Amino acid sequence: MEKRLGVKPNPASWILSGYYWQTSAKWLRSLYLFYTCFCFSVLWLSTDASESRCQQGKTQFGVGLRSGGENHLWLLEGTPSLQSCWAACCQDSACHVFWWLEGMCIQADCSRPQSCRAFRTHSSNSMLVFLKKFQTADDLGFLPEDDVPHLLGLGWNWASWRQSPPRAALRPAVSSSDQQSLIRKLQKRGSPSDVVTPIVTQHSKVNDSNELGGLTTSGSAEVHKAITISSPLTTDLTAELSGGPKNVSVQPEISEGLATTPSTQQVKSSEKTQIAVPQPVAPSYSYATPTPQASFQSTSAPYPVIKELVVSAGESVQITLPKNEVQLNAYVLQEPPKGETYTYDWQLITHPRDYSGEMEGKHSQILKLSKLTPGLYEFKVIVEGQNAHGEGYVNVTVKPEPRKNRPPIAIVSPQFQEISLPTTSTVIDGSQSTDDDKIVQYHWEELKGPLREEKISEDTAILKLSKLVPGNYTFSLTVVDSDGATNSTTANLTVNKAVDYPPVANAGPNQVITLPQNSITLFGNQSTDDHGITSYEWSLSPSSKGKVVEMQGVRTPTLQLSAMQEGDYTYQLTVTDTIGQQATAQVTVIVQPENNKPPQADAGPDKELTLPVDSTTLDGSKSSDDQKIISYLWEKTQGPDGVQLENANSSVATVTGLQVGTYVFTLTVKDERNLQSQSSVNVIVKEEINKPPIAKITGNVVITLPTSTAELDGSKSSDDKGIVSYLWTRDEGSPAAGEVLNHSDHHPILFLSNLVEGTYTFHLKVTDAKGESDTDRTTVEVKPDPRKNNLVEIILDINVSQLTERLKGMFIRQIGVLLGVLDSDIIVQKIQPYTEQSTKMVFFVQNEPPHQIFKGHEVAAMLKSELRKQKADFLIFRALEVNTVTCQLNCSDHGHCDSFTKRCICDPFWMENFIKVQLRDGDSNCEWSVLYVIIATFVIVVALGILSWTVICCCKRQKGKPKRKSKYKILDATDQESLELKPTSRAGIKQKGLLLSSSLMHSESELDSDDAIFTWPDREKGKLLHGQNGSVPNGQTPLKARSPREEIL
């Protein structure tokens, strides 16, 4: 069962921890060595089956392994013997080396460079065995059998080991005879190259560039190249042996590694060997490969004695900003020999990310650190002297400057608020409260308010209130920060009672939105009034002046807001009723900061190119993010090679060098918080084979008025390379009325409106990229409205913008009452402005199922008749005119009806019977012939003239005739003379004179008759005589005197 070695206690440290291997235990190590050799002998004899593929290589004592970054070492459990460890390694294809340490089997995979690192344990109880597997020998890089061990930068000189006197100082528990006996036993199973060789390491100083030399052997005739195996992270498996001579100390291998310098001269004295510890920047090891250019003598070299120095860098230091300076001192327990000094080298091993600071005295005993940033720093000091070496470690912890807590500040918005019923809910925002760290708790409490069932108490940033009753409220907000500090403030809310006579403005409840939503609609249509509201007006409250916002519909019940930013906006709604009374209400819109979302990458639509076009642009500018996109990256993920991307780090990139095939380009976008998104676009490159396009319109269109819009679909047109332009044209024989919407005559689908009765013909011309074109035609037939003759229009005395849906319903209900039908039977077809102050409403009336439509002229006549009977204020709006939409007057078959004025235009020699128009139904007509009217008028005038002359003549004659006065006389029977008196002006003077001297005057009967004498009253006498006695006409002689009888008469 395998168990990988990660960060675990070092097995070898068990040997080093207590220095329990003292001189008194040497016999135990000798016995252990003997047991090990015996196990190896049994192992080689019992593995004949595995000998063909797995053979023992080199065996080394006092050497251990450590991993070079990854887990290349693993502990094999359940292997109580060396034989079982060897067999398990042979069976595992990944095992090339195993390390037998104190009964533990540690296997290793060192097939790759820099995967393993060797170090010296100086303990004979540590054995490193190399295995040669034929199938992996090349991968491991084993040398021929006559070569020396080379793995992991380890080299040795068997002759120098054999002749070196101080080897017992390194492994005092192993005698020379025992060592060579074990080697002879192992050589029985292996080749001459499998000699077990002790390790002799030579150190050489490195130059200032911190480069490491390689370890080489002096027993080979070849020079080895240095191959560096390094790793920034290693697992320390070290062992240290104590109990040797007092002047010899064995140190664990330092993390930088050991290096040797090859020498061509034989070392005569091991005590005079110079040992220097290199100081590389990164830890590294090297091992040698053979080079036939140089050779060295296989002579013995003395083993150097290295004195271990006890070095202390002091206790760990902990400082707190703003203090950022510290001083580290290195102390060596042993004093340097006379005339010599120690050298110091401080190295930074561990440091925080994004650290900074300054070091002073890196190669001195005292290291001064300054300008440190917060974090943990680990320093190592290396002290070296003549054949002496030591290391010390110290930690420096820099803590950030402690924060001085400031109490939070409670902020409410709005602080003073007033609402009126029927609005019974609102919100108060406390999220704008601030603190130097963080607010962890909000608490709302009602301090004062009307008597209700329960008081308000909530623990939210925004207080939402509902079911409020009239009165004054006071709410307290208490905020608590992360350090427990508190702060409070209050907010006042006034809820007014509803009044019935002025209007009640209601701007709706307060709203809360979260960015990126920056638009909202406020509704003031809940405002009420007992007689109706005539105007609405929205405005930004003075407390919110200066804030950026776009407002639309400020004079309508609905206010549309956009382009809002973070913060609180307060708006005021002012409503006015019919008599000019006004009311206001406020609403607060709280815009909270947004929550970041990943960007949305948009690489644009797929593209299709045709050679010779070999370049195009990739447009990712439509990519979006709720905050901001900070980087773009275009990459080719599929397609032929050879393309070039220009401006690949911008939203719009250019790709050139395209060939025939399909390319896939991927766009990656990132926002400010490093969230990213990807999108791909396909670019298809084709050979240049152009075919003309094919224009195709989907069928003819037939519509019936009042529907006056149509849609012509030319999207079925096709082309092999794609259509680049569409052009719709109207035939010259088509009606000129009708409009094209939104410039759709340059798009695949044509939208038409305001069409009139008739047949339209349209032509579609499509053009491709090469200029080839094709055309197609279609017709749009507009049929007349079948209900045209039954439509009734009424002109209302109201502006069209003031006619609301509610008022319209009330008016339709009144019309239904006049006509005796239901509201649902009146179908309003159109409402449009007639003049600036009037509105035209077009409707028709139908009965209950089967929905038979009433005749329009009958409905109009009935409505006119009912309106004459009713009072003037029966309708909510005054009806200026009621008529049919189409003029249906027959004009007495002597003219035609004007559809606009709804009056007859008579034919020549015909005119309107105005008597009938004024006295009867008022409909225009053409009943009278002009000729007959003239003749009749002439006759009437002549008749009137004659009649008038006759009357005048009669009047004059009657006035000019004098009254006849009766004169009586007594006539004799013989005298039959009669007398006629005619006192007229026509008789003249002579006639009068004749009358005076007539026989009547001189009748004797008058004088002589005494029988009949008539007497006149005095009054009558005077009148009669007065006219005769006044004067004498000119040219007349005085009459003779009358006789008494005449006087009496």
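Placement of Cβ uses the backbone N, Cα and C atoms for every residue, glycine included.
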Candidates N395, N742, N890; Swiss-Prot annotation N-linked glycosylation site sits on N395
Filtering S433, S717, S1031 by Swiss-Prot annotation phosphoserine leaves S1031
Annotated as N-linked glycosylation site in Swiss-Prot, from the list N492, N525, N1029, is N525
If one consults Swiss-Prot for phosphothreonine across T261, T1037, the residue flagged is T1037
Candidates N472, N799; Swiss-Prot annotation N-linked glycosylation site sits on N472
In Swiss-Prot, the entry for N-linked glycosylation site among N207, N247 points to N247
For N472 (N-linked glycosylation site), the spatially nearest of the glycosylation sites N395, N487, N525, using Cα atoms, is N487
By a three-class reduction of DSSP, N525 (N-linked glycosylation site) is assigned coil
As a whole number of Å, the Cα atom of N487 (N-linked glycosylation site) is distant from the Cα atom of N525 (N-linked glycosylation site) by 40
Cα of N395 (N-linked glycosylation site) to Cα of N525 (N-linked glycosylation site), in Å and rounded, measures 72
Within 10 Å, the Cβ with the most other Cβ atoms among the glycosylation sites N395, N472, N487, N525 is that of N487
Model confidence for the topological domain 'Extracellular' (51-932), as mean pLDDT, reads 77
Reading the DSSP string in three states, the entry for N472 (N-linked glycosylation site) is strand
